[in-house]
Amino acid sequence: MRILVSNDDGFHAEGIQVLATELRKIAEVIVVAPDRNRSAASSSLTLVEPLRPRHLDNGDYCVNGTPADCVYLALNGFLSGQVDLVVSGINAGCNMGDDTIYSGTLAAALEGRHLGLPAIAVSLDGRQHYETAARVVCDLIPKLHHQLLNPREIININVPDLPFEELKGYKVCRLGYRASSAEVIKQKDPRDETIYWIGPSALPEDESEGTDFYAVKNGYVSITPIQADLTAYHSLLSLQNWLEQEFTK
């Protein structure tokens with residue numbers, strides 16, 4: 001098996017280095033990751049400046065672009081040979097609920113899906129036990145049936161920040177919800193000009209049983225299938241009925 005590994009924290013991040021080391025025990029691994037932290041880049045692509053992949057001494061690649069750039073460029077540009085799976089992570093911090101909208105970690109996996117490959121995104125609910133998350137991924141990959149690694153979807157994994165032996169197991173979950181966050185931090189820079197920082201994420205609003213928030217909070221690894229189709233199917237019929245009523249009067 002040949003695995004392409006990327007992330008949004010940058011090639012230097014501890015999470016991706018631990019993940020690549022562990023994955024190399026079960027597969028051939030190619031790392032192509034951003035040259036700096038690109039957290040919350042979502043699925044943005046760089047269209048207004050050239051991308052420059054740099055081949056590092058250890059064989060990895062870093063790119064002056066987003067997570068989606070890295071996967072797109074690797075698979076369509078400079079990598080030769082077949083890739084069987086895309087794995088993105090290990091993110092420093094969870095990607096649950098509404099986090100998935102902004103996440104560059106998920107975006108790298110979704111780009112692999114868009115290019116026809118099965119893909120996994122993995123995040124740690126903290127910054128300590130990266131080895132735990134890496135072991136979880138290596139444990140799951142051989143066990144996931146081929147049909148579960150559907151190129152039309154990705155698997156989103158969130159791991160409690162615990163020693164591996166303290167994990168309670170795995171739970172398949174739906175996404176929860178966070179409360180709306182409107183915090184912006186206003187400061188002055190050294191030139192006395194006003195600057196702003198986007199504030200931290202809000203607390204979970206829906207962390208009921210069955211959600212990813214609930215699973216991780218209670219010591220379980222959450223596993224959530226994610227699709228790129230954003231159609232609100234439950235609203236199609238009512239919207240169609242409204243349209244017919246409004247325009248057939």
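Note that Cβ sites are derived from N, Cα and C of the backbone, with glycine treated the same way.
Taken straight from Swiss-Prot:
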BINDING   ASP8, ASP9, SER39, ASN91  divalent metal cation binding site
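Features recorded in Swiss-Prot, as mapped to the structure shown.
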residue: ASP8; record: divalent metal cation binding site; Cβ neighbours (10 Å): 32
residue: ASP9; record: divalent metal cation binding site; Cβ neighbours (10 Å): 23
residue: SER39; record: divalent metal cation binding site; Cβ neighbours (10 Å): 18
residue: ASN91; record: divalent metal cation binding site; Cβ neighbours (10 Å): 29
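Within 8 Å of the centroid defined by the CB atoms of ASP8, ASP9, SER39, ASN91, the record's divalent metal cation site, lie the Cβ atoms of ASN7, GLY10, ALA13, GLY15, ASN37, ARG38, ALA40, PRO67, ALA92, GLY93, SER103, GLY104, THR105, excluding the listed residues themselves.
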